[in-house]
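Below: one structure, written as structure tokens.
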């Protein structure tokens, strides 16, 4: 088996390409502080392989529970011997180069002058990890490992690298039995590892080794990778999965069917372009207004219901609890005036029914006819009176003139009274909202009733209401779908 060199730079930084996987079989001697740490978790030797060092470090981290519970690849060692050893308060198992650097600072490679010590350490290592191998295998293994231990000295020259390649080719010609026995021993090493943080450390290191060996052509150790991946279990998978997550969402594009900038423009371009001034009213939850937030209304303005003793705001005429009508809601004078107005309205309606209307212009043709007939009768009377006066006596012109003037004044007074009565009757029959202009255009009167179901809202002109219906817009007041638009006439 090839054991290439391990070169350590002056500043302690070691690249992953300089540390092939075969160096895990290289024997190293930990420094006193690291040796103390390893012996605290059961190590009993002076020389170890890289596998054993990493294994005991993982056991130490697991024993002291220095890892994070949620992110188990993070190790906190600020107040521990490991922090004094590495010189950092915390580190991550995924930072392979940093781990190599910190470990190699505390290791000394076994020199070529100590073959016996290295041989005994190898035998102790095998006995410790295998536990069930016989003495014959150990003797054969010592014979195999002794010549390879002479290659552990740092050889940065090109000739040493060529020698390592030649040794690799020689070892590739070994017998299948010996190769199988060595593979069996490496499997035993993997099986002896507990499913702890040591596995996580070795797995991360092996992943880095495999990626670096593929890029630089450095030989890797597939036996260690197979052993670790075989016994890693779900404990490592959950840790790796927890660090990875994905969020799926769809970005709205301007070309999608649901969103288009020209959609509203196409709807508005069905007719001529017009500019609208819209007044928006926000409908409340109930028909009555809320007076609780009005600063101008105090508790002294509230009235008490005589039926249920409920305190009610001043404006509603009924009680909010029992719906009893408020006493003395309107003064008596206004009530009488209202009765007189209603009587006048009834008289006006009866007169209008007798006379009739010209729909849709609402012109009163019969009224003008009656006026003309009255004027003609008065003219006939005047002419008759004048003729009689002329035939009787030409000496009384003043009396005839006074009669003419008096008849003309009577006609004017009659017309004034008639127009006043009609105006009063029309004002009493008009709804209050009809006087206000259209809410949308603020120019035309409110004559387009928006009908939905058995109710309707009169808040817009007929033209604006038709546009709302054509564009499938809801009622601006109650947001119900519009069924029809009714042109409303006021007398």
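The first residue you see is number 1, and the count goes up from there.
Any Cβ shown, glycine's included, is placed from N, Cα and C.
Here Swiss-Prot flags 1-110 (among others) as region 'Necessary for interaction with USP2', drawing on similarity to another entry. Mean pLDDT for the region 'Necessary for interaction with USP2' (1-110) in the predicted structure: 73.
Per Swiss-Prot, the feature region 'Sufficient to promote the mitochondrial pathway of apoptosis' maps to 1-101.
Among the features that Swiss-Prot reports, domain 'SWIB/MDM2' is placed at 26-109.
What Swiss-Prot lists as phosphoserine is 166 (among others), and the listing cites similarity to another entry.
What Swiss-Prot records for 179-185 is motif 'Nuclear localization signal', and it gives sequence analysis as the kind of evidence.
Feature annotation from Swiss-Prot assigns phosphoserine to 190 (among others); the stated evidence is similarity to another entry.
Feature annotation from Swiss-Prot assigns phosphoserine to 240 (among others).
Annotated phosphoserine per Swiss-Prot: 242 (among others), in sequence order, evidence recorded as similarity to another entry.
Look at Swiss-Prot and you will find 246 (among others) tagged as phosphoserine, backed by similarity to another entry.
Residues annotated as compositional bias 'Acidic residues' in Swiss-Prot: 253-274.
The phosphoserine annotation in Swiss-Prot covers 260 (among others).
The phosphoserine annotation in Swiss-Prot covers 262 (among others), and the record cites similarity to another entry as its basis.
The annotation region 'Necessary for interaction with USP2' is assigned in Swiss-Prot to 276-491 (among others) on the grounds of similarity to another entry.
The zinc finger annotation in Swiss-Prot covers 299-328 (among others) and rests on sequence analysis.
For 386 (among others), the entry in Swiss-Prot reads phosphoserine.
Residues or ranges marked as phosphoserine in Swiss-Prot: 395 (among others).
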Taking DSSP H, G, I as helix and E, B as strand, the zinc finger (299-328) contains 3 helix, 6 strand, 21 coil
If you run through the domain 'SWIB/MDM2' (26-109) with DSSP, how many residues end up as helix, strand and coil?
38 helix, 16 strand, 30 coil
